[in-house]
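**Student:** A single structure is presented below for examination.
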Amino acid sequence: MKLLMLCREPNLYSCRRLKMTAENAGHKMDILDPNRFLLKIQENRPHFALYYQPNQGTPYLLPDYDAVIPRFGTQSTKMGCSVLTHLAAKNIPCLNNPASFALARDKWLSLQALAAANIAVPVTVFAGQDFQAGSAVEKVSSPTILKTLNGSQGIGVILADRSQSAVSIMETLTLSHIPVLLQDFIGEAGASDIRCFVIGDKVVAAMQRSGQKGEFRANCHRGGITQQITLSDDEKLIAVRAAQALGLDVAGVDLIQSKKGLLVLEVNASPGLEMIEKTSGIDVATQMIAYLEKKIAGL
């Protein structure tokens, strides 16, 4: 089969692992930058055409693919999801589908979807730009977490120790036209969370992440430490439910333990493979390609 991966950085561990695994399974895989696409809607069939601009040379019409794996970063979400939508319109299976991918990339909309599915999440508020910052901050506890809507890898997440600081940060971001969420800080978790890697209807791998001393974020890209963990049945169930609530085939679901019980922090539609594979010792890439093969076959 001929597969396509949408990714700006083909040398990343996850991209290299998936390409190698796909090729070992007898498939061909192209890795293309979504920002180098031109999308065309035309009268004659096929109505959806895609052109690609290589680093050198002239643009060319892309062939049809058997399936596509989106691995683009947050800065490419708009164009990446447009490319995905174009491919989906040609009935090409996407792992994940464009609507679910876009939903997961928006922290507020994804939290709304989780809450609508009766999945517990931290207390969170999202205020319009004309809503008074002080009144918004009063609706959550202090210390307060502030998050931009589209950050990743811990970027765009701020901890305000005092309410006054939260107000000041919120006002500054609002003035810069940067939408921000306010969220309860789960201090009892001790800067630790659980990353669950979900494929289909099961958790295939998991790890516990802990932030460095003095760091409230547990993300690996912020220097977090990982270790193996055995999940309870409840943790597995919540992780799968969270992925399904967003309509994702593949997801990285982040869980955190609070005084009120287990909460879902967020759901990642393009979770990294490097730390989860190295920590758990599980070959996640092979399971992703196997799942994609079944999806293509309609199983």
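Yeah, the Cβs are placed from backbone N, Cα and C, and that goes for glycine too.
Residues or ranges marked as ATP binding site by Swiss-Prot on the basis of sequence analysis: Lys147, Asp184, Phe185, Asp193, Arg217, Ala218, Asn219. Taken from Swiss-Prot, the feature Mn(2+) 1 binding site covers Asp254, Glu266. Per Swiss-Prot, Mg(2+) 1 binding site is recorded for Asp254, Glu266. The Mn(2+) 2 binding site annotation in Swiss-Prot covers Glu266, Asn268 and is backed by sequence analysis. Sequence annotations record features per position, and here Swiss-Prot assigns Mg(2+) 2 binding site to Glu266, Asn268. The domain 'ATP-grasp' annotation in Swiss-Prot covers 111-293, and the record cites sequence analysis as its basis.
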**Student:** Report the mean pLDDT of the predicted model across the domain 'ATP-grasp' (111-293), rounded to a whole number.
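**Tutor:** Across the residues of the domain 'ATP-grasp' (111-293) the model's pLDDT averages 91 on the 0 to 100 scale.
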**Student:** Take the Cβ of Glu266 (Mn(2+) 1 binding site) and count every other Cβ within 10 Å, whichever protein chain it belongs to.
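**Tutor:** Result for Glu266 (Mn(2+) 1 binding site): 21 neighbouring Cβ atoms inside 10 Å.
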**Student:** Taking the Cβ of Lys147 (ATP binding site) as the reference point, list residues of the same chain whose Cβ is under 8 angstroms away and which are at least six residues distant in sequence.
**Tutor:** Lys107, Gly156, Val157, Ile158, Val180, Leu181, Gln183
**Student:** Return one of helix, strand or coil for Phe185 (ATP binding site), based on DSSP.
**Tutor:** coil
**Student:** Around Asp184 (ATP binding site), how many other CB atoms lie within 10 A of its CB?
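**Tutor:** Counting Cβ neighbours of Asp184 (ATP binding site) within 10 Å gives 20.
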**Student:** Count the Cβ atoms, other than its own, that fall within 10 Å of the Cβ of Asn268 (Mn(2+) 2 binding site), considering every protein chain shown.
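**Tutor:** Asn268 (Mn(2+) 2 binding site) is surrounded by 20 other Cβ atoms within 10 Å.
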**Student:** Among the binding-site residues Asp254, Glu266, Asn268, whose Cα is within 10 A of the Cα of Asp193 (ATP binding site)?
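**Tutor:** Checking Cα-Cα distances against Asp193 (ATP binding site), the binding-site residues within 10 Å turn out to be Asp254.
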**Student:** Out of these binding-site residues, Phe185, Asp193, Asp254, which one has the fewest other C-beta atoms within 10 Å of its own C-beta?
**Tutor:** Phe185
**Student:** Consider the binding-site residues Asp184, Phe185, Asn268 and say which one has the Cα lying nearest the Cα of Asp254 (Mn(2+) 1 binding site).
**Tutor:** Asn268
